[in-house]
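Since the structure comes first, as structure tokens, the remarks are kept for the end.
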């Protein structure tokens with residue numbers, strides 16, 4: 001059985017054979033579940049500031065623990 005990929009931007013798991021894989025010249029590999037994630041990644045948007053990403057949820061939990 002093939003491994004599920006995790007989006008490098010939003011953190012969502014997606015099926016093998018879907019999405020897009022981007023490999024940089026230095027060998028780092030990025031997986032994207034959608035064109036939206038890919039665009040936001042290359043535009044330099046911070047995933048911690050977008051409510052629909054897993055990084056936002058994790059940052060939100062850490063902020064709640066501090067208070």
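Even glycines carry a Cβ here, placed using N, Cα and C.
Per Swiss-Prot, the features are as follows:
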type    : residues      : note
BINDING : 7, 10, 33, 37 : Zn(2+) binding site
ZN_FING : 7-37          : zinc finger
Q | binding-site residues compared (7, 10, 37) - highest count of Cβ atoms within 10 Å | A | 37
Q: Could you put numbers on the helix, strand and coil content of the zinc finger (7-37), residue by residue per DSSP?
A: 3 helix, 10 strand, 18 coil
Q. Do you know the mean pLDDT across the zinc finger (7-37)?
A. 97
Q. If you draw a 10 Å sphere on the Cβ of residue 33 (Zn(2+) binding site), how many other Cβ atoms land inside?
A. 21
Q) Which residues, in sequence order, are found in the same chain with Cβ within 8 Å of the centroid defined by the Cβ atoms of 7, 10, 33, 37 at the Zn(2+) site, excluding those residues themselves? A) 8, 9, 11, 12, 14, 19, 31, 32, 34, 36, 53
